[in-house]
There are 4 protein chains.
Amino acid sequence: MNKTRLEAFSDGVIAIIITIMVLEMKVPHGADWEALKPQWPVFLSYVLSFVNVGIYWNNHHHLLHAVHKISGGVLWPNLHLLFWLSLMPFATGWMGENHFAPLPVAVYGGVLVLSALAWMLLQRALLRIPGNAAILVEALGRDWKGKLSPLIYLSSIALAFVHVGLSLAGYALVALLWLIPDRRIEHQLRNHGE
Amino acid sequence: MNKTRLEAFSDGVIAIIITIMVLEMKVPHGADWEALKPQWPVFLSYVLSFVNVGIYWNNHHHLLHAVHKISGGVLWPNLHLLFWLSLMPFATGWMGENHFAPLPVAVYGGVLVLSALAWMLLQRALLRIPGNAAILVEALGRDWKGKLSPLIYLSSIALAFVHVGLSLAGYALVALLWLIPDRRIEHQLRNHGE
Amino acid sequence: MNKTRLEAFSDGVIAIIITIMVLEMKVPHGADWEALKPQWPVFLSYVLSFVNVGIYWNNHHHLLHAVHKISGGVLWPNLHLLFWLSLMPFATGWMGENHFAPLPVAVYGGVLVLSALAWMLLQRALLRIPGNAAILVEALGRDWKGKLSPLIYLSSIALAFVHVGLSLAGYALVALLWLIPDRRIEHQLRNHGE
Amino acid sequence: MNKTRLEAFSDGVIAIIITIMVLEMKVPHGADWEALKPQWPVFLSYVLSFVNVGIYWNNHHHLLHAVHKISGGVLWPNLHLLFWLSLMPFATGWMGENHFAPLPVAVYGGVLVLSALAWMLLQRALLRIPGNAAILVEALGRDWKGKLSPLIYLSSIALAFVHVGLSLAGYALVALLWLIPDRRIEHQLRNHGE
């Protein structure tokens, strides 16, 4: 199996996802600050989603870098992850246009949870390939970020119907956790003298 | 001829096709479940098409991986396949927005049939290149999936005007047939000690 | 300079151009043949433009394959070509939506002429790099297709205001000329024992 | 860390940004010159932005070509640059549709300034990687273009509220400065006998 082509296709899809989200920011008709104002929530949603998709790209990059071999069994878990990520522009646009109303904020969290689950399945599919386990298990360690994120997302979904601000704080918190770059894998690779 | 660039270009086009389909899911104006409801058929169409385009990418990946050489005569059969696939977003959107009305469902099947025929022509163009035949013929075997799929598609097109549910079941059946990964080529390559 | 990255970027832009043109085919609201009818001219424009952009990709592929070295001086001629090609979706959509009215047909030809000129400039920029001239001059030969195409385009632009059908026949004729794959370069390379 | 994949992803995002900007040029409904007229400012904005994004791609190409190693710490500065560039289609569309009204012209400049700052941060992140400094410092020299550009942008933003033409002249001036290809790095590499 061809790791390069899997990476190239994933890069393509993620690049398109991260870029077409900006199309949800419709060009306003007026030319003053008033015309720009209703775009603020859309812009903030865009920033949040850009960071989230950026995190997935970084982690995908690190994960596949750490892996020596892929097999045909990885293609669908990878496409499954891309599927949920591809719903980000829709969820982002819906949340932004409705100025962070409870249901769109919760649905946005739903897309995040399902992306996080798809990510776990992809990790597992890579672990199952003989030869990958040793370095990957060590590199991922206890993977507390990967385990904590869906829990925070689920709480945020529930909180959306109580106080939308708390819910968004949850999404932002997970993004911050991951923004601290995932040096585990890089360290691991360095230790292995690569 | 440069196999890598053919793959890269195909990856690019397929990545864009699979991603812009999501743009057909228009962001609804309301913020409640009611507003989301009319999007369900569009979402289901999107899932079906995402899987179908994903299958084509996987098969394209396997097919070109199994092939040692390409020639200029492959470029147009490849573009021809991409052409029919590029109509998927249109057919998907039309089918979804009209809540699976008979004609859009049949036209969707038409795009699937023509993509399947284009796929066959691409296989043949690759077989015609000296040096490819041996491994490819063995790898594809009797290619019963490739031969059965257009037949089911054609039946589904006819069935669309009788009972739309049966027609969609046909499309789903073909997708399931292919979701079982095409291990033939991978087995073959392993046997050849690659 | 890095030939691979120039190719990858060009592939990306051309892949996007060829695919977003399909977005001009708006999903019709009705679900019968009547609703599909006004889309026919848009569809035909799309086919013509898909073939044209496909030809550029094929030729770009062959041209850069034949070239040993690129330099920084090639980047802008390449971007210049991509600029005119990027106007294809607009020109295609305008021509299709207005059912081949004279002015949009002429403007479409204008985009084709300017793309053809940009192509010539790119060829020249590649020829100017030391080491490329020998093989490229031989491979391109007298380049009668490259010289004839803009002349036919210019005639077609004038003819658009006389009889639109003749004008479109001119565009189709050029496309057919190029569809016959540009085997010159491949032959040349084979002779050079590559 | 994998330089190729960083380049591929950046190429993908930049290719999409440069191409989707053309979608802001809406296909007009009429088929005469009158219908095309209101598209002129949009077209001119598109040309300016195409050149600007093209410059960033060229410089990105040169910068990463000159660099031997990247690290995980480069991923976010790179995504940060892509974020500001991704706002170009919005800013371009807003400026074009409002026929170069003062505020949109100033906001466009804001996106340019922030992209320029992000570019500086990316340069710095690359300089910080051991082994890159020597060749990069020499290659960039005093980097007067990189330092002058944001200053001209800032003046242009202020000038937008005085005379829009002067402001646009500022943006065009910076573009011209950079269009003269950044041969510094190429010279440098040649001197180092690469």
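Each residue's number is its place along the chain shown, starting with 1.
Placement of Cβ uses the backbone N, Cα and C atoms for every residue, glycine included.
What TrEMBL says about a protein is an automatic prediction, not a curated fact.
Feature annotation from TrEMBL assigns transmembrane segment to D:12-28 (among others). Beyond its flanks by at least six residues, the transmembrane segment (D:12-28) meets 35-36, 38-39, 42-43, 45-46, 49-50, 53-54, 56-57, 60, 82, 85-86, 88-89, 92-93, 96-97 of its own chain at Cβ-Cβ distances under 8 Å.
The transmembrane segment annotation in TrEMBL covers D:40-58 (among others).
The transmembrane segment feature in TrEMBL is assigned to D:70-91 (among others).
Residues 45, 52, 56, 59, 63, 74, 77-78, 80-81, 83-85, 87-88, 91-92, 94-95, 146, 149-150, 153-154, 156-157, 160-161, 164, 167-168, 170-171, 174 of the same chain, all 6+ positions outside the transmembrane segment (D:103-122), place their C-beta atoms under 8 angstroms from a C-beta of that stretch. Residues or ranges marked as transmembrane segment by TrEMBL: D:103-122 (among others).
Annotation source TrEMBL lists transmembrane segment at D:151-180 (among others). Using a Cβ-Cβ cut-off under 8 Å and counting only residues 6 or more beyond its ends in the same chain, the transmembrane segment (D:151-180) has close neighbours at 48, 51-52, 55, 58-59, 100-103, 105-106, 108-110, 112-113, 116, 145.
Same-chain residues lying 6 or more positions outside the transmembrane segment (D:40-58) and placing a CB less than 8 Å from one of its CB atoms are 11, 14, 17-18, 21-22, 24-26, 81, 85, 88-89, 91-93, 95-97, 99-100, 108, 112, 115, 119, 168, 171-172, 175, 178-179, 181-182. Outside the transmembrane segment (D:70-91), and at least 6 residues removed from its termini, the chain residues within Cβ reach (under 8 Å) are 1-3, 6, 10, 13-14, 17, 20-21, 23-24, 49, 52-53, 56, 60, 64, 104, 107-108, 110-111, 114-115, 118-119, 121-122, 124-126, 128-129.
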